[in-house]
Amino acid sequence: MSIRPDEISTVLKDKIANYESQVDVYEVGTVLYIGDGIARVHGLENVMANELVEFPGEIYGMALNLEEDNVGCVLLGEYSHIKEGDQVKRTGRIIEVPVGDDLVGRVVNPVGEPRDGKGPIEATDFRPVETRAPGVIDRKPVEEPLQTGLKAIDSMIPIGRGQRELIIGDRGTGKSAIGIDTILNQKDSDVYCIYVAIGQKKSTVAQVVDVLERHGAMDYTTVVAATADEPAPLLYLAPYAGCSMGEKFMHEGKHVLVVYDDLSKHAASYRELSLLLRRPPGREAYPGDIFYLHSRLLERAAKLNDENGGGSLTALPIIETQAGDVSAYIPTNVISITDGQIYLISDLFHAGQRPAVDVGISVSRVGGSAQLKGMKQVSGTLRLDLAQYRELEAFAQFGTDLDKSTQQKLARGKRTFEILKQDQYQPMPVADQIVIIFCATHGLLDDLEVEQIKEFEKFLLSYVKDNEPGIYQQVETGEKISDELEDQLKEVINKAKEQFKEEKELTG
């Protein structure tokens, strides 16, 4: 076998000409300490704040503390196999989450991984979890209503699209129920919903998802679940991730509702991270930037102007108080950031007044301008009537002889409170609310027994829809009620009342 030098040289030249060097360049560091979900890493000289870093076994962490000689990272997964001396790689990416239509109807964790067993999420669009809130010039005033379907809220504490309305109260007063009812009420509207569960039991989240599925609400809802057994960094990321998913729709000119359930646990998870990273503690051991934690989240709720698509993101943050103390650190912070609060009290809840809204301390600072004209008109005196009733009720407990007008106010107050009661998962269309609140504020329920009110409410609404659809359609527009329509409504309600009483006598 003869070797031909010219052939060898041709092959070598060809190989050299087509040689491509593939060198992967990483900036790597070394683990100095690992424990309690925190890693101290040396050598990541150019790492960015909040950058994603990769640990062995495809476990990711987030760089939170950039110190002189090391980086404090929080780990976003199981870290028992990571040890001192392991290599850590920079990714050059800030934490992002998948966004878009692929997430609608899904249950995901705060980094966008599916948790519902329905297969992978094929999202092609991603957004950083932390983004800047829209500027003053990009916004417009809140002017469109967001109906909750709850009479007590839509009449006295109206919420507008783009508003931030805090739901605050003790444990077990029905805070989550208001958030879920509001999501259920968006069924026939154009609002996408995102429910962010922070630090809740898996069984509770499963129950919420089941309710949403049974009522057909998962067709327009995404659930972001960071359950109680997840590491603190995931609980910390959850609301920002949910907000980013909503912002995608907002910037497309659509409308979004985000329920954060709840920000008390979110603050506790951030306190845990901060103390483990040895940041100096302040009041109630929270770090100094705890206000900024929530303000930068809630400022992302906005109503964009027409040049930016006119989309909106409405936020309903939930805060749990201890023994009704709204003057604690986190409650006062969030009250000052939001555009109003719905305050729920346990006394009303246990007395059977559900939703247990305290109308005296609850307020909506911007929602009034978004309220439907018809609702504004019929519920104008409602808050005052209820406040007077509460005062007189306390006075009447002394057993004093009361004059006729006081007795009348007490009787009307009882009936008004009765119509504001509502069962869970039964949001009411706004036209139904206007009709029934019209009855209360015009004294048309005064001659009925308190026990008959709920029954009469159902009877009246079906009577109006069946016998006077024209009147119902006029009310449905939400426009101001004319004198003529007011007279027609009174006439229809009185007819319905007569028929109701006759039927009662026959069956009684």
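Using the three backbone atoms N, Cα and C, a Cβ is placed for every residue, glycine included.
Sequence-distant neighbours of Lys175 (ATP binding site) (same chain, 6+ residues apart, CB-CB distance under 8 A): Ile167, Ile168, Gly169, Asp261, Asp262, Ile318, Glu320, Leu344. Taken from Swiss-Prot, the feature ATP binding site covers Gly169, Asp170, Arg171, Gly172, Thr173, Gly174, Lys175, Ser176.
If you draw a 10 Å sphere around the CB of Ser362 (site 'Required for activity'), it holds 22 other CB atoms from the protein chains shown. Annotation source Swiss-Prot lists site 'Required for activity' at Ser362, citing sequence analysis.
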Residue pair Arg171 (ATP binding site), Ser362 (site 'Required for activity') - Cα distance, angstrom, rounded: 17
CB within-chain contacts under 8 A for Gly174 (ATP binding site), separation at least 6: Leu344, Phe349, Arg354, Pro355, Ala356, Gln424
Residues close to ATP site centre defined by Gly169, Asp170, Arg171, Gly172, Thr173, Gly174, Lys175, Ser176, Cβ within 8 Å: Glu320, Leu344, Ser346, Phe349
Site with most surrounding Cβ atoms, counting all protein chains shown within 10 Å, from the binding-site residues Gly169, Gly172: Gly169
Listed in sequence order, residues with CB under 8 A of Ser176 (ATP binding site) and six or more positions away: Val208, Asp261, Asp262, Ile318
Per-residue Cβ crowding (10 Å cut-off), top of binding-site residues Asp170, Arg171, Thr173: Thr173
